[in-house]
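Asker: Please see the structure below; I have some questions.
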Amino acid sequence: MVKDQTRGCQTKWDDIRCWRGAPVGQVVRVSCANVSQISTCFLGYVYRNCTRKGWSEPYPSYEEACVFAGDPESGSETTTYFSNFRQVYTAGYATSLVALISAICVFTVCRKFHCTRNYIHINLFSSFILRASAVFIKDGVLFSDENLDHCFMSTISCKSVVAFFQFSILANYFWLLVEGMYLQTLLALTFVSQTKYFWWYILIGWGFPTTIIMAWILTRHFYDDNGCWDDTDVVFIWWIIKGPITASLLVNFLIFMNVIRILVQKLKSPGVGGNDTSNFMRLAKSTLFLIPLLGMHYMVFAFLPENTGAEARIFIELGLGSFQGFVVALLYCFLNGEVSPSFIIKLSM
């Protein structure tokens, strides 16, 4: 039976993105966040026109809009890129999982590491483990069958997987925020016991993400219950998740700048020994230690237009992001003697 294209374009899965049905003459826009599948921000947009002959070709191409273009001589640039891209972040998250689980074992088994600071580290490591696990689970459920039509895939299991994925991202960002808040509290309230604040940190790190994801689930269910909830085309729904993430990054950035300000002041004071070169190296070292702990590498593109620097954005967001858990475990567990927050506090005193 021949479909009457004059009535509009039918819903179509193009092996990368689902294009919902549209009337003739309408231009449909989709976000690249749905192409990368594990990004927490938009990288650009792809458009298609609904004509009387059916859907037009996507413009710009996925390679141009969402990632940097592949080899022009290759006949399958998009497929090759996404395959290589998945291998990179799979290796990154796998490496992070091993390091993070080992770090938690070290903190748990060794009694000398039982303190508020390391309890917070354990929760941060757990959030990284959840994030890495969620990526693997999501890939396994949503992309195990290459012939699956995602436009009509709308099961409770796939929606649950996506909801768990979004929760793990929220929890990870909020535990990065807790690390920043803890460091700021140490600097501001040096002689106050931090134990009484620990349950507030738990509430922020796990409670806030739970509340946000419940609001997102209810909004998706009642206002945009399409597919597996892995699209971000309804902006106000996407901002339920993106808004708190952006706010947490902003607060951590302010904390980061304040810590650097305090360190600069202390290093310039007459009581601090060393020459300018040694003081600069101490400051640089402290700054580099704080970047992965507070997620400052995400700030590079946090407030820029979504299509700015697609190649660099995807490298930072996904390439570096997948290895962040490994770096944090390495610095704050296996090299704990020199690079714990107590080292920064000691330097600032």
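Each Cβ is built from the backbone N, Cα and C atoms, and glycine gets one as well.
Not my notes, these are from TrEMBL:
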DOMAIN    1-66  domain 'G-protein coupled receptors family 2 profile 1'
DOMAIN    85-336  domain 'G-protein coupled receptors family 2 profile 2'
TRANSMEM  91-110  transmembrane segment
TRANSMEM  161-178  transmembrane segment
TRANSMEM  198-217  transmembrane segment
TRANSMEM  237-263  transmembrane segment
TRANSMEM  283-302  transmembrane segment
TRANSMEM  314-335  transmembrane segment
Asker: Determine which residues of the chain contact the transmembrane segment (161-178) at the Cβ level, with the cut-off under 8 Å and only residues 6 or more beyond its ends counted.
Answerer: 38, 40, 120, 123-124, 127-128, 130-131, 133-135, 137-138, 141-142, 201, 204-206, 208-210, 212-213, 216-217, 228-230, 241, 244-245, 248-249, 251-252, 293-295
Asker: Can you give the mean pLDDT for the domain 'G-protein coupled receptors family 2 profile 1' (1-66), rounded to a whole number?
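Answerer: The predicted confidence over the domain 'G-protein coupled receptors family 2 profile 1' (1-66), as a mean pLDDT, is 70.
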